[in-house]
Each structure stands twice: as structure tokens, then as C-alpha cells.
Amino acid sequence: MDISILWVAIILVISSYFIFMNKWRAAKLPENLPPSPPKLPVIGHLHLLRGGLPQHVLRGITQKYGAVAHLQLGEVYSVVLSSAESTKQAMKVLDPTFADRFDSFGSQIMWYNNNDMIFSRYNDHWRQIRKICVSELLSPKNVRSFGFIRQDEMARLIRVFESSVGVPINASEEISKMSCAIVCRAAFGSVLKDQGLLADLVKEALGMASGFELADLYPSSWLLNLLCFNKYRLRRMRQRLDDILDGFLEEHRVKKSGEFGGEDIIDVLYRMQKDSENKVPITNSGIKGFIFDVFSAGTETSATTIQWALSELMKNPEKLAKAQAEVREKLKGKTNPDVAEVQEIKYPHSVVKETLRLHPPFPLIPRLCKEECEVTGYTIPAKTRILVNVWSIGRDPAYWKDPDTFNPDRFDEVSRDVIGNDFELIPFGAGRRICPGLHFGLANVEVPLAQLLYHFEWKLPQGMTPADMDMSETPGLSGPRKNPLIMVPTIHNPTS
């Protein structure tokens, strides 16, 4: 048989199979589904995602078809929630029904078969690891005790910028190093030897864990599974991750003590691993998954938010001047302000909230509907993938005046906060799966940002204007800048 005829036959057989399966699944769907755009055979609405970041494309779909929209992406049924009302119903009223996560190739490979906290299903394992995390690492007492670590690492960062006065410097890189060091010292008792490599792996992994790989969207296809080249790339990344974490854990076993001279979170996990009364055994893979969680949610999100805040301030010089003036007035003479002092400064606090509104750390929050239910009058079938478009909600003109404009002053009139109570602004999620480290993360954003505004005057590289700034985002589960933020620091002279 001619090889071209063989390939045509294979394609026809595969297409026929998918068409049959799609019709079979469609016949089982309830009638009262959310509105949906016209779709194509085999691929459904997959073609609509081309040419843009998912959160941008999905915003356009929900603007046209309604805040709750139903999509068929390949053979996977998804529902997009893009309003505060629908999100509140899913994450508060029906929270247990929507507390699950769906699997992706990226999360399964890099997060140890979702044997972690971020990507874990809503089960006893998740409850156990979250309880340990909150009680042993993220309690209010512990977060306050980490203040001296922030001061140490902030002093190091200030020295780096002072040594580069008048010279363009990659602020993104230096801020990421600082954020990484703070989290490592707080969680693990010391800075990891390979933390730079680990941070790079986090960025790569988050870019491929969004669930939009073809193999994620056609889970029944062995052929697409076989031809998923990113799967092999992820496995190579996983091997590098194992090498780093196995080495770190071996060093940790033989060390005498950590930063505080006592147990850190890894010691606690090892101790509890030996406890026969655990509902779910704590495995070595689970410990490694937790460490990768800490890097994913702890270091990447804080660094990304500081970079976006500085980017928006550099693009809006009048806002930068206002923030610097207020910080310098309130912190005058205070070389090492604590979290409480910084959070009392109104305008920089509004700058952070406005940054999180425009640039949430995770633009799309993935959930899984456990059982059939109703949201804003529409039926959501069991096992439907849910995409909460936090990015779109933060830019909805129904809730925000001039929504695409960076304007921290809006919070003088709008008393919304970011801790999961106001569903118009949920950068850390909401409900029982809200980010447990949000207060730790906010402290790691607000204190460094205030210090950078206090100590330095900032300029763009020579010949560059605010209008020239590239504000593009990187594709993936998180939303960091596509290109690094380059700035020129000058030491602030209070007498000038």
C-alpha cells in the first residue's frame, strides 16, 4: 500500500473515532449547559485559543457569550467562570463541589503525580499536608519571626543595586534571587545550593502545567500521548529536579540545625513520616512535591508581583513619585521597617493591590467539578474542568472603572481586599483552596517594594521612555513578564 494512502487511512480512522466519541459524550450532556460558541468536529473550540494567551482569549469569549461559558477543548469539556457572581457561587456556596484540581501532564510529572499540595486532589492527603504547612510554616507567629530574614536579604539586594548605580541592571533577576533566598531560609533553614537551577525549573514547569497541551486535551489518545514531545522534555526536567532535591534532602539529613537552631518544615515532614497514626503516609515523593510547591507558589509569585509593581510604576512616573514620597515620609529614619509599619502606608499598599488586580500570579485558577450542580442557573456536569479567569474578573468594567488603567488611587473609593472575601479581586483564590501563604507572600512583596522605593531613584535605560516598555506576559500557569525588567538605580539623597 502506498504510504500516503496509509496515512490518509490512519487520519480518517482517528478522526472518525473522535467524531463518534464526541457525539456519544454530547448525547449524555444536560440540556441547560452554559452558552457556547460554534464548534468544529474533532477539535471543538480548540481553534479559538490560537493567537493569544488563554486568559486573554477566554475573556473575549465570555464577553461575547456570557460570564459563564461552556467550551469543548479537544475531547475535554470545560466551563469558564469570568464574573464575581459565578466565582462566588463556585468557590463559596458550592466550595466542596469545586475544590478538586484536574490533572495535566506537567503537574503529574513535575509535581510527583500531584503528590503535593497545589495540584493535589481534594482529599485526606491535601488536608494533611496543608495542615502541616499552615501550623509549622505559615502561622502568624512564624510569619512575624521571618522578619529578620527579609531584612538580611533586603540589605543584600540594596548592596547589589548600590554597586550598580548609574548602570542598567536586570532587576528581575536580582529580585528573584532575593525572593528565593527569603523563602528557602524561612522554609528550609538555609539557602539551597542549586536554588537558581530550581527556580529555572519552576518557571519552565509552570509554563507547561496549564493543561492546554494536546495530550491533556485528548487524554484517550495513545497516539497524541506518544507524540507529546513536551512530555519527554518534562521527564528530563524531572530528572534534573530529582538530582537537585535528592542532594538537598541528603544534606538536610546530616546537618545539625537550621536557621533557627531547631526544626524546619522538612524536619517536621521527616518526623511525621515515621508517625504510624497519619491518615495518609508521607512519602519521599510527597516531601519533594512539597518543596517544589514552596518554590512554585512562594518564590515565583512574590518575585513576579514585585516586578510587575515596579513595571507599572515605571510606566506611570506620577504614580512612582507619589509612592516614593509617601514611603519616604512614613519611613523616615527607619532602616529596617517591619511588616506592620509598611502595611500602614496607604498608597504603596494600594499599589500592590492594583498590581495584583492587573497581574494576578495565576491568571487562570484550575478546578474540577466533582458532581453535577448548578451555577448562576446553568447546569455544570460532573468531571467538568473549571477555569476561573481571575485576570478577566480583575479587568471587568462592571466592577472596575477604567479597568485596564493602572490606578492605585481607585482603592480610596473601593474598599476591596485580596484575601478571598471580595470576589472581584481574588489573586490568591478563595474558599478552602485559597493560597495558605498569602500573608507570607504579601509581606515578601510589600516590605521589599517599600525599601526599593525608599532607597533609590529609578530610571529606564538611556533613550527608553515609559511608552517603550514591553508589558507582555509569559504563557503558562503563572503570568510573569515575558522579558526581564531592566532599570537604572540611583541612590536617593534625602537632603537633595
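Yeah, the Cβs are placed from backbone N, Cα and C, and that goes for glycine too.
Swiss-Prot annotations:
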type     : residues : note
BINDING  : Cys435   : heme binding site
REGION   : 471-496  : region 'Disordered'
TRANSMEM : 1-21     : transmembrane segment
**Prompt:** Around Cys435 (heme binding site), how many other CB atoms lie within 10 A of its CB?
**Reply:** 22
**Message:** Counting only residues 6 or more past its boundaries, what in the same chain has a CB within less than 8 Å of a CB in the region 'Disordered' (471-496)?
**Reply:** 53-55, 106, 161-162, 164-173, 203, 206-210, 300-301, 303-304, 307-308, 310-311, 314-315, 324, 328, 332, 359-364, 366, 391, 454-462
**Request:** For Cys435 (heme binding site), just give me the three-state DSSP call.
**Result:** coil
